[in-house]
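For reference, TrEMBL has these:
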TRANSMEM  105-125  transmembrane segment
TRANSMEM  175-201  transmembrane segment
TRANSMEM  221-249  transmembrane segment
TRANSMEM  256-277  transmembrane segment
TRANSMEM  323-346  transmembrane segment
């Protein structure tokens, strides 16, 4: 083991060829263009050391002296396949990416569920109103699992954004609702109760789906959206009757107990459960996260398609199509107004675009069951 004669060839994952002469001089390439050409660097390597470690990787890691100049570059004309570990990692992450990216299909799924509910109502008619609270609660739970207490603390510090969202829901949206209500009666010649119904829709607080939409587009602002939606829902007990009295001359009755119960069941409890689970069992949450997006997309599709399917007769009534177009135009106008008005107010904010989208959702989004209720009671 003390001496050797001849030449040894050692394969290395990074070097094409490394040679050992009989005098144990370790030959390294001075400038590598694969395949490696030997260039002596007068580096003595005892064979006993090689035998002891029994691995060419030892030579690669331990036998590269600092005095050697040059660099190791791959030939750009030659292709190299990925290492086995990289291939396995790519296969594992591909499945997770597919699950996580299912949120990007939400617009297509919502459109498909709307068409399916109109064409074949039994596909969603089984999803009755008793499932609404658990379904929306699941969406809030998904947001809570992907958030932390620190996120909500930071959200409460943005009082200007919270105020802007409140103004969007209870000032901008009611004004637009009043305008579209007048248009429905004067321009389209609809019955007065239909115009009143559109005005009433504009007085309702924002929906929890706005939080989920914010979570899809700008996850860091999801806690801020939750705070804004919860505040508007909690104060709707006082604000909604006042707005209805101001716009139509009658106070809209509000179930205070039902409103508080709704906030607890749909917002507070699910988000708290998600936060506690994320804090106490982080590994479990990591395992759950890839499956939450596809389940949330299906959940949202049911929340959108079910009200249409259940009230299909009202929607397809003689005035149903006109009312539908007016409701869509009203919400679209609210989305646009919320986006551009918030851009004027927060044009210096570092996250202006994300904040614009969040406030747009808060201004334009409404409970999915409001439109069918208007059609049901006034058509």
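Each Cβ is built from the backbone N, Cα and C atoms, and glycine gets one as well.
Just so you know, TrEMBL annotations are computer predictions that nobody has curated.
Under 8 Å from some Cβ of the transmembrane segment (221-249) lie the Cβ atoms of residues 140, 143, 146-147, 151-152, 154-156, 158, 161-162, 165-166, 169-170, 174, 177-178, 181, 196, 199-200, 202-208, 210-211, 214-215, 256, 259-260, 262-263, 267-268, 271, 351, 354-355, 358, 361-362, all in the same chain and six or more residues away from its ends.
The transmembrane segment (323-346) shares more Cβ pairs under 8 Å with 175-201 than with any other stretch in the list 105-125, 175-201, 256-277.
Counting only same-chain residues 6+ beyond the ends of the transmembrane segment (105-125), those with a CB under 8 A from a CB of the stretch are 216, 297-298, 300-302, 304-306, 308-310, 312, 315-316.
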